[in-house]
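Feature annotations, reproduced from TrEMBL:
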SIGNAL    1-37  signal peptide
DOMAIN    39-293  domain 'Peptidase S11 D-alanyl-D-alanine carboxypeptidase A N-terminal'
ACT_SITE  72  active site, acyl-ester intermediate
ACT_SITE  75  active site, proton acceptor
ACT_SITE  136  active site
BINDING   262  substrate binding site
């Protein structure tokens, strides 16, 4: 064998060895990731995170930095900006919000996207806030956003969405992008007059969702008063909270002290859930699971894991 042939053979052997080593490493890393997720009972969620709300420390994560569609948990940003306006301006919880725009009335009456029917021309800020948070009313969330932006039509909605993205930048949520006030995809919003162009869905990472929730809870802790209500009658309509980790619900665990926060679902985003609770002697815990068909059991498992391992 010539010197050139020997060198060529050596290069081939080294290349094959490197490739096999890389495959082996990826297999090991994949196995470690799977084991990591399984140890916390989080196997179905495409992304998840557990955050210490006091220190902002991520104590557990799975694909936490990849932006994903987040459905109705988008409303947490909308509710934050509502709270901000009430706190920083002459507006009050009793301020009137116009709800007569035809597209919103149709949305509220929809069997798919409705949940709180607009039967009046105006509602108070508080009424719509509770409908958006507890019942996850899509039309209430848009009406609130328009009110924050100083209007009551789709043009005000566009201004509000700019405010959502501006707030995300202030919090250094670099890859978060909002295109709707309620989390509906634009393909669904189009028929109601709320298509604004651009991406189809709000795209936010699990970690950034947790940080939005942290800002809302920390700056405006009274949100938990409404978030922890299993049901509430608002302007003659029953608002039902679909958080099944609350007392009296199917997945309730008294030891976790869950008092919030927000559910979400679309076909694109899957089932999403932001959970929060504070055990005595511990910092507040915020968890997020995205695209998770077992959102409540996996949230409960993750919370139990965090406490069992003394991660918070």
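Any Cβ shown, glycine's included, is placed from N, Cα and C.
Of all Cβ atoms in the protein chains displayed, 32 besides its own lie within 10 Å of the Cβ of residue 262 (substrate binding site). Every protein chain considered, the tally of other Cβ atoms within 10 Å of the Cβ of residue 72 (active site, acyl-ester intermediate) stands at 26. When the alpha carbons of the residue listed as 'active site' and the residue listed as 'active site, acyl-ester intermediate' are compared, the span between them is 7 angstrom.
Around the residue listed as 'active site, proton acceptor', taking its Cβ as the centre, 28 other Cβ atoms fall within 10 Å, counting all chains. A simple way to gauge crowding: the CB of residue 136 (active site) has 25 other CB atoms within 10 angstroms, across all the protein chains here.
Straight-line distance linking the Cα atoms of the residue listed as 'active site, acyl-ester intermediate' and the residue listed as 'substrate binding site', rounded to a whole number, equals 8 Å. DSSP assigns residue 262 (substrate binding site) to a strand in the three-state reduction.
When the alpha carbons of residue 75 (active site, proton acceptor) and residue 262 (substrate binding site) are compared, the span between them is 8 angstrom.
Residue 75 (active site, proton acceptor) falls within a helical segment according to DSSP. Mean per-residue pLDDT, taken over the domain 'Peptidase S11 D-alanyl-D-alanine carboxypeptidase A N-terminal' (39-293), amounts to 98.
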